[in-house]
Amino acid sequence: MATIKEIKELLVTVKELESPIFLELEKDNRSGVQKEISKRKRAIQAELDENLRLESMLSYEKELYKQGLTLIAGIDEVGRGPLAGPVVAAAVILPKNCKIKGLNDSKKIPKKKHLEIFQAVQDQALSIGIGIIDNQVIDQVNIYEATKLAMQEAISQLSPQPEHLLIDAMKLDLPISQTSIIKGDANSLSIAAASIVAKVTRDELMKEYDQQFSGYDFATNAGYGTAKHLEGLTKLGVTPIHRTSFEPVKSLVLGKKES
């Protein structure tokens, strides 16, 4: 009779719920064996569910594949709402039918998994472009226009250049066919890939700024208006990376000028 350890090793090789190996092993009454069978079945079901989820997020890409297009870039941005730091956009071209386990809208990925999935995108993408527009430009042109500039910069870095753009809720004035998708980072794997690249890139930048400008908790809040950030603004004032067109930074700058 096989040991439970041997059965556990055998079960790792089983990839289908209908496998005859399960039927054979289920005759073994040992509780340890039954526990390992249940565990392996749950793992297989989880893999099937994940594959279905990833398939559903390729629906836009597959429609474009049918048209003979393969160089499809997903575009997304991070950092529209913060009081400090740049807006960062990423453009990512994934290989045809590429599925990266765990890839999703970056807001839905556990923080501890960000770097792992970011690295998987880096490893598998055909091309990645990143656009970074700083707070000074944001203050000059407004955040919406700055976001478009960041996206255009990211796209310009792609090589090869894309045949079609899938963009999260935006249209760009570019001579490339494009589809604007509401909640694109949750509905397109290409956009989700851009989402995690932009997110990790910006988070790392804000960690660097945290070293330069201590007291605002940038490493944790990424420039968003948390209690610690607002406390830092009140005590220490405005830094060179703050967006002076955003409240309450704007009022602090005006108050300083008037005093």
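In case you wondered, yes, glycine gets a Cβ from its N, Cα and C as well.
For ASP76 (divalent metal cation binding site), the count of additional Cβ atoms within 10 Å of its Cβ stands at 31 [all protein chains shown]. DSSP classifies ASP76 (divalent metal cation binding site) as strand under the three-state reduction. Residues or ranges marked as divalent metal cation binding site by Swiss-Prot: ASP76, GLU77, ASP168.
Sequence annotations record features per position, and here Swiss-Prot assigns domain 'RNase H type-2' to 70-258.
Remark: ASP168 (divalent metal cation binding site) has ILE75, ASP76, GLU77, SER180, ILE181, LYS183, GLY184, ASP185, ILE191, ALA194, SER195 as non-local neighbours, by Cβ distance under 8 Å and separation of at least 6 in sequence. Within 8 A of the CB centroid of the divalent metal cation site residues ASP76, GLU77, ASP168, the other residues of that chain are ILE75, VAL78, ALA89, ALA90, MET151, ILE167, ALA169, MET170, GLY184, ASP185, ILE191, ALA194, SER195, ALA198.
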